[in-house]
Amino acid sequence: MRGSCGTKGWFGKPLPCPYDGPPPEEESDTARALLVSVCGAEFAQGPACCTSNQVETLRDNLNQAENIIASCPACRNNFRSFYCSFTCSPYQASFLNVTATQQSGTGETAVKSVDFFVGEQFASGFFNSCKDVQVGATNGYAMDLIGGGATNYSAFLKFMGDEKALGSPFQINYPTSNPPEFSTLNPLPRSCVDNDLSSRCTCIDCPDVCLPYVPPPNESTCQVGGLTCLSLALIIGYSLAVVAFLLGYVLQLAIRKRREKRYERMVLSADTASILSPRSHPRGLVGAVSLSHADGDDSLGAQSSDSRRLGRGVSLLDPIETVQPRQYRLNNVLRRCFYRMGLTAASYPSLTFAVVFLVVGLLNLGWKNFEIETDPVRLWVAPDSESKLQKEFFDENFGPFYRPQQIFVTAIPGSVHEADSNSSLISINHPPVLSWDRLQYWFEVEQDIRSLRSEPNGYQLSDVCFKPAGPQGACVVQSVAAWFGNDLDDYDEDTWADHLTQCARSPVDCLPDFQQPLAPQYVLGGVPEADSGVKSYLDAKALVVTYVVSNSLDEVEVAKAKEWEQTLKEYLLALNDRITLETGMQIAFSTGVSLEEEIGKSTNTDIKIVVLSYLAMFFYVSFTLGSGSIVREEGVFASLSQWARNFPGLFRRSHMMSSSISVDSRTIPRIFPRLPRNLFVHSKFTLGLFGIALVILSVASSVGLFSLLSVKTTLIIAEVIPFLVLAVGVDNVFILVHELDRQNLLHGPNASTASQGIGFPTPRSPSQSHRSPFESTHDDSVDTASVPLYLSAEERIARTLAKMGPSILLSSITETVAFSLGALVPMPAVRNFALYAAGSVLLNAIMQVTVFVSAMAIDLKRVEASRVDCFPCVRLPSRIALLDAPPSGSGLGSMARFIRRHYAPFLLQPVVKSIVLLTFAGTFVLSVISMQHIELGLDQRLALPSESYLISYFNDLDVYLDVGPPVYFVAHDIDVTQRAGQQELCGRFTTCDDFSIANALEAKRKRPELSLISQPTASWIDDFMNWLDPAKETCCRVRKRNPSVFCSERDSERLCQPCYLGKEPAWNITMSGLPENEEFMRYLKQWLISPTTEDCPLAGKASFGTALSLDPEGTTVMASHFRTSHTPLRSQADFINSFSAAHKIADEISERTGSNVFPYSLHYVFFDQYAHIIAITQEVLGLGLASVLIVTALFLGSWRTGTIVTGVVGLTVITVMGVMAVWGISLNAISLVNLVISLGIAVEFCAHVARAFMSAGSGLPVDHPAGQKERDERMWTALVDVGPSVLSGITFTKLIGMSVLALTRSRLLEIYYFRMWLTLIISGALHGLVLLPVILSIAGGTGFPQQEADEEWMSNAIRNDFEYAPFLADDDSIASD
């Protein structure tokens, strides 16, 4: 072939002429010089089979390719050698065979197709030298552009040889074998690893020259098989404990049997007949054996019938051996303070209400500053978070990230399968979406979107879209339509499929209007792939359409974008309603305004279920409070049954009866049933509602207080705080009411009636001076006549608060401190929650010991005046009751009686204690093992309303999007005008730092399984330096006459020359002679405004226009970024790992080069919390437990008991965390809040029991021989005393609320509230009412008796048996219940 024979049509590239003559010499020295400049010194002499016109065309074509491949000399020189041999080699006839000719547009005969015989050595070497060359501007490879993404040399040659508009103007075939008369073109190819500068490439373009990879040191954890060493150690330790227990139990049984046999022999022996049998202890208390040896036979036997009935520990010792009970000064001070507080509140309720509600009213004035925070960044990211600061730096220097609008178009699926509760929908049997009709329909939709006008300002897509080429350029719209030029007029039902397949395989042949290749993974999803690796693009399951809208720090520009996005959203919602019927397709989409709008919707809270849950708890509390009434009547069902039996008597003839005959009024027929008086008078529904109102008021006051302090609230606070305060506050209400019932039993009107005529003094009036019963006179005498049996209502209220106030103070302070420690968490949502929770709990406790006490006094007077609950103006007449005997029994409720008779004695048996300890130890081991499998993250779908259209979008995003989010590595505080700074950044020059940003990112990209980086890095400095290469004549140009003036793209070639033409030293890959200082900035600013075109793809305007931030004077580069992409991220773990990996890479670069580098991606700011959340969780829970230890030890007066309580609280939280892994609850900010709540509620379960245990003591030292028995009795007393209140106040109340919450449709409420709180309630109840009593009974601290005239308890117990029977009471005394 030689010469040009015209073009194929009016336009096109020249076609060569067939020629079979000898190769002529060049016509002139100019032609020879041109040939040498293009093809090298090997053509400096001798004939050449080409003309000057052909050489010029070849030069232009090579220059166009070299803009892409020139960074690798081996690829560049092989490329030139290949095409120079093809065009000009004098031996052309030996490896070229013209197989067909055609008529050109000028009527000449031109080549139509040729066979080009290329040897395998040269072909494979040529391909290998080019396959890894990168194109930074596109984050891709040169092979994608020059070889159609070929993966072997055959495909590479085929792509270059195929006839196409933007490629070869005629067909070039590459046969795998050559006929005998032909040889192959098979010179030795250049290799990118060769040491000569004309071949050697840098690491970025030639992996073989990179430094050997040194794997990082293994951060492996100690594991044995599938278990961590910690898990294995716990399992072994627990197994040994179980074996030891079993062996000890068997050994104990054996010893006992041996002793029994020895005793039998001793009894039968005549010599031992006088020896008494050792006492047996059928009740099996721990320590009973030691107690029998420690106490003399007479000391315990003397008390067997009398002192055992005294209870409260005094039954344990012989009166002669009784030591003086020790006192705890703080306990006494608190009891006296609470006594005075209760007396004041009960005596002056109006004043109490006025003062407290005045303060509450002032606090609620803060509502005028009330604000709800909905911005996800300001909610979950700490203000001083590194990622937040980096995001702000990025936005200020490079502009905020674009606002993508994305649509997934799929065919109606045949079926879907939900993998699990947290997974997305994964399509199966999903039909292909592509067809001619559907493609036509979607093209019309895209045309509609382009023409959409927003209201009211009429913005269109062209007004808000991102245009990389400038304001006059095209919008970036990634869609299949872009492959067709957004127009199907040139295609039909027979040709569209071939064109789409060709574009998918070679995107460079189908450039969109924004002139950047569009890879198939950006526009097609769910593409099936055969085992051979061939993808069937026509069978794609989804179309992916992305509209890129510009973002800005200018609120006006953002408002324009949001207005258009709102219009797009409304259009797509309407389209979604009709597209299924019209085409059998469906869409899932997201716009820039979608996520914030959907998260902010109130439907996310499933408000009806939440309200129903609250109401269930409210009514339970209100109805349950009155269950402890001391007035005993037949129940509602018994009354209705009696009425039903008597009702027929109304229709019978009445018989006259003697008036002297007594008639039971209950058997008289009545029209209406005679309901029990207790239902109306002794109900505490109003008091319960008032207690609940205080909960709501405390939350409102807390909101007002912190709103006044400019602490914003969140939706979590609105949903959780009332639950929390109700959980930790309502048990205080139960404890106060139950204790008041006991005070009424001891000192109420019934007690006075039962004791008339015995000579007790009359009670004092409230106006008389009160002497606190807690001011001891240290008088050891017991004068039962000096103790008043009947006390006024105010006195009873004061005694109630005096007894229970310290317990309420203990739990409230512990919870407040624990919640306050949550404010240490830097995440605003968690910190604000902690502050609001601490404030609400504290305010609620204050109101409970003030205004609620006043309300109790008012309600007590109402009851004693026989006024109806809820309608106090109605007063019921008293009913006449004939009592044959004074009331007897303990006056306990059914739950307390169950605990007294069955639960406490069973729990405190030695064997049961051991089983409990082993069981909870096993639970602890399992929880610790399970904790190690807790995952991090929060699926954003859970935060959306259940009916949100974004859920289907995120499902499709997981399944169909095969590209990862972009990631930018930002370098700042580097002087790039100096050579050292340039070498810290660059990667395509031989003197670049081995660990420069470009080289380091390329090295990490080659290990995507570790780095999660998938694409080549866009290195601005390498493209800029290559833009200066004088060999690229169409790039950097200056005026020939005035080199200080740059040429524009409109200036004539004859007026301009390459910028670095003739420079000394010349441009080279060693960077010597490349610009520095002011010259560097001069060229750089020109590069940034030079348009990126096909003639010069290295120009920086489109590709790197926003990649650099210059100072206002333009004298230096303040910051720049290097762009790449992550691998596709499917799960929360992927996102978290991508954040971690990118930061690790940036830290390594900074450490090795001394530069300042950080990574930025759009999702990093939300996943920053997971880099610290484990440490934050440990810190918050650790400090919380420390505060629990200090407060409980201080208030209980025992470090031993405080430590036990703290340990049980910690075990409760560990159990909750163990269940989290089993139940699919991830660790995130919400679950961290719930763990803080777990800490507080666990304290509530334990504090009252522990204080009741410590307050029931006799002062025996721990190591006293009778200490074990004394601790058992104290624990028994504590369980009967506060166990019912704890069960009613927390366990049952919250279980009812959680049971209703199980009906929710919100996945967020179900997973993070129902599941987690249900676990918390059950775990807290079991640990507080099962494990804690067992441990305290074994190792609890020495108790302190309540200093409230113990002789009163004793005298009342002896007189009426009103108080609890002692723990070891016989069956007859228990039966008295």
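Going from the start of the chain as shown, residues are counted 1 onward.
Cβ atoms here come from the backbone N, Cα and C positions, even for glycine.
Automated prediction, rather than curation, is the source of TrEMBL annotations.
As annotated by TrEMBL, transmembrane segment applies to 230-255 (among others). Under 8 Å from some Cβ of the transmembrane segment (230-255) lie the Cβ atoms of residues 222, 224, 911, 914, 918, 921-922, 925, 928-929, 932, all in the same chain and six or more residues away from its ends.
Under the heading transmembrane segment, TrEMBL lists 345-367 (among others). Taking Cβ pairs closer than 8 Å, the transmembrane segment (345-367) reaches residues 697, 700-709, 766, 793-794, 797-798, 801, 843, 846-847, 849-851, 853-858 in its own chain, all 6 or more past its ends.
What TrEMBL records for 606-858 is domain 'SSD'.
Sequence annotations record features per position, and here TrEMBL assigns transmembrane segment to 611-631 (among others).
Residues 360, 363-371, 618, 621-626, 717, 721-722, 725-726, 729-730, 733, 737, 832, 835-836, 839-841, 843-844, 847-848, 851-852, 855-856, 859 of the same chain lie 6 or more positions beyond the ends of the transmembrane segment (687-709) yet place their CB under 8 Å from a CB of it. Per TrEMBL, transmembrane segment is recorded for 687-709 (among others).
Residues or ranges marked as transmembrane segment in TrEMBL: 715-737 (among others).
Taken from TrEMBL, the feature region 'Disordered' covers 751-781.
Among the features that TrEMBL reports, compositional bias 'Basic and acidic residues' is placed at 772-781.
Taking Cβ pairs closer than 8 Å, the transmembrane segment (808-827) reaches residues 334, 338, 379-385, 728, 732, 735-736, 833-835, 837-838, 841-842, 844-845, 848-849, 1169, 1172, 1176, 1179-1180, 1183-1184, 1187-1188, 1191-1192, 1195-1196, 1229, 1232-1233, 1236, 1239-1240, 1243-1244, 1247-1248, 1251 in its own chain, all 6 or more past its ends. Sequence annotations record features per position, and here TrEMBL assigns transmembrane segment to 808-827 (among others).
For the transmembrane segment (833-858), the list of distant contacts is 338, 341-342, 345-349, 352-353, 356-357, 360, 363, 687, 690-691, 694-695, 697-699, 701-703, 705-706, 711, 713-714, 716-717, 720-721, 724-725, 728-729, 732-733, 736-737, 740, 793-794, 797, 800-801, 805, 808-809, 812, 815-817, 819-823, 825, 1233, 1236-1237, 1240: same-chain residues at least six beyond its ends, Cβ to Cβ under 8 Å. Residues or ranges marked as transmembrane segment in TrEMBL: 833-858 (among others).
Feature annotation from TrEMBL assigns transmembrane segment to 1180-1197 (among others).
Taken from TrEMBL, the feature transmembrane segment applies to 1204-1226 (among others). Sequence-remote contacts of a segment are chain residues at least 6 beyond its ends whose Cβ falls under 8 Å from one of its Cβ atoms, and for the transmembrane segment (1204-1226) they are 420-422, 920, 923-924, 926-939, 1132, 1181, 1185, 1188-1189, 1192, 1196, 1234-1235, 1238-1239, 1242-1243, 1245-1247, 1250, 1311-1312, 1315-1316, 1319-1320, 1323-1324, 1327-1328, 1331-1332, 1335-1336, 1339-1340.
As annotated by TrEMBL, transmembrane segment applies to 1232-1254 (among others). Residues of the same chain lying 6 or more positions beyond the ends of the transmembrane segment (1232-1254) and with a Cβ under 8 Å from any Cβ of it are 716, 720, 724, 727-728, 731, 735, 806-807, 810-811, 814-815, 818-819, 821-822, 825, 829-830, 833-834, 837, 841, 1173, 1176-1177, 1180-1181, 1184-1185, 1188, 1192, 1195-1198, 1201, 1204-1205, 1208-1209, 1212-1213, 1216-1217, 1274-1275, 1277-1279, 1281-1283, 1285-1286, 1290, 1312-1313, 1316-1317, 1320-1321, 1323-1325, 1327-1329, 1332-1333, 1336, 1340-1341, 1343-1344.
As annotated by TrEMBL, transmembrane segment applies to 1275-1296 (among others).
Among the features that TrEMBL reports, transmembrane segment is placed at 1316-1339 (among others).
Among residues of the same chain six or more beyond the transmembrane segment (1316-1339), those with a C-beta under 8 A of the stretch's C-beta atoms are 286, 723, 904, 907-908, 912-913, 916-917, 920, 1200-1201, 1204-1205, 1207-1209, 1211-1212, 1215-1216, 1219-1220, 1223, 1225, 1231, 1234, 1237-1238, 1241-1242, 1244-1246, 1249-1250, 1253, 1268, 1271-1272, 1274-1275, 1278-1279, 1283, 1286-1287, 1290-1291, 1294-1295, 1298, 1301. Looking only at the domain 'SSD' (606-858), the predicted model's pLDDT averages out at 71.
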